[in-house]
Amino acid sequence: MSTQAQITVVGLGTGEEDQLTLGIWKKLQNAAKSQTALYLRTEDHPMVRMLDSNQIPYQTFDSNYMAHQSFEGVYESIAEALIQSAKNASAEVIYAVPGHPMVAEYTVQLLKMRCPEEGISLQVMGGESFLDQAFLRFGFDPIDGFQLLDATSLSRYALNPQMHTIVGQVYDTYTASDLKISLMETYPDEYRVVVGHSLGVAGAEQIIEVPLHELDHVKGYGNLSLVWVPKSEQDEVRYRTFGRLHEIVQVLRSPEGCPWDREQTHASLRKNLIEEAYEVLETIDEDDPEHMCEELGDLLLQVMLHAQMEEEIGTFTVYDVIATLNEKLIRRHPHVFGDNKAEDADEALVNWNAMKAEEKRKKGIDVTKQSVLDGIPRELPGLMKALKLQKKAATVGFDWSELHEVLQKLEEELGELREAIDNQSEEAAQDRLEELGDVLFSIVNVARFLKIDPEEAIAHTNRKFIQRFSYIEDQLCLKGLSFEQTGLSEMENYWQEAKKVTKLR
């Protein structure tokens, strides 16, 4: 009668012989007596000495690490080998791993998924985890909050300074260096972190505290190394977290907060949102990254305040805003997060518009009954709105074919403006307004054909005017003159000088 294939996974603990459980030690001894196949994920573990001294035979998977380019490939090959060995033996196979089998052991997770599919029984016998020694040797209580992260796949988005952080898989200096860079995006360079080598192993244990920027200067990294980043309530650390920003805005709007912030409404902050957006644009035009950082923060504050107002009445929170945005970005970029293709920006835009149309259909909006010009915000600046209107109309063929036609239209509109100016009747005032608007609209058309953003063009000219006019003011100040003491011809001379000596940034 055949015996069902079985894989028994045992944990070898942290490496101290006295910490190995009696049940696991008996299992290892019986394996030698019954000639049960014993596999080790790696020979690089202190408990291997105990196996050798007791003449317990084993095989290791260390060669698999050299045969594959990724850890995922290594672990998949180990799981496959164990499954095939169990099938061939039609009996028990023992697989020993460092620490506890359910802590940072991807091979065990693979076995848990595959063994039921392969008809193989899987038993897991726990051992002492490196976490047991970490809590003991580092001296913190995990009930205070802690997270366990993998140095080989660490993302800054996983870091939470308000919790103790244990980072495993810090097996060499290069990994420690990558870890340092990731941590420094959240923690100050001088933040104190602790490196633990072979925790709980007599004669081999090392506990080294260093400033974060020296993390990769520590010697002795190996398979039994980990890093502890203590939790922090320091403002310097928490200021870099989104959660702290949310808390601050909540406090500002609370009864104990700021009277001004508490009194604001969506309507009262409308102008602030517009002003902050324009101040960001100004930093872009000035190519001033430091100022841009500050102004982007001011713009973000407007988003936080509007979201907080809705949170207070239970409509949505800023996290709903983030979730909606994330979902939309993924949905509208099927060429990035899906199977669609986009070789250039134009194809990407086609995908984007197609997804927008699909979203409208799902909401019950009949896109065939919508105006081509729908979707343009009412409050856009005039030049920007004119450009968008023209682009929308052009998508259905309502457009000029050549630039010279656009220039001819501009000349025509200029002629009509001159006629309106020459007409001195009272009724002509409205005509002059309309004809001037037509000229501006035609100029935007010229800009569109030249692939020039009209807002950017006029902003450039505004900055140029400010610099040259400021030059006139500086020259008058140097000579002790005022504008009242200076004629137009003299100011024109300074203007011409300014054109030669000033260079627009």
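Quick reminder: no glycine exception, Cβ is built from N, Cα and C everywhere.
Annotations in TrEMBL come from automatic prediction, not curation.
The average per-residue pLDDT of the prediction over the coiled coil (400-434) is 92, rounded to a whole number. Marked as coiled coil by TrEMBL: 400-434.
As annotated by TrEMBL, domain 'Tetrapyrrole methylase' applies to 7-215.
The feature domain 'NTP pyrophosphohydrolase MazG-like' is assigned by TrEMBL to 264-337 (among others). Break the domain 'NTP pyrophosphohydrolase MazG-like' (264-337) down by DSSP state and the numbers are 59 helix, 0 strand, 15 coil.
The feature domain 'NTP pyrophosphohydrolase MazG-like' is assigned by TrEMBL to 404-468 (among others).
Distant neighbours of the coiled coil (400-434): 441-443, 445-446, 449-450; these residues of the same chain sit at least 6 beyond its ends, with a Cβ under 8 Å from one of its Cβ atoms. The DSSP breakdown of the domain 'NTP pyrophosphohydrolase MazG-like' (404-468), given as helix, strand and coil counts, is 56 helix, 0 strand, 9 coil.
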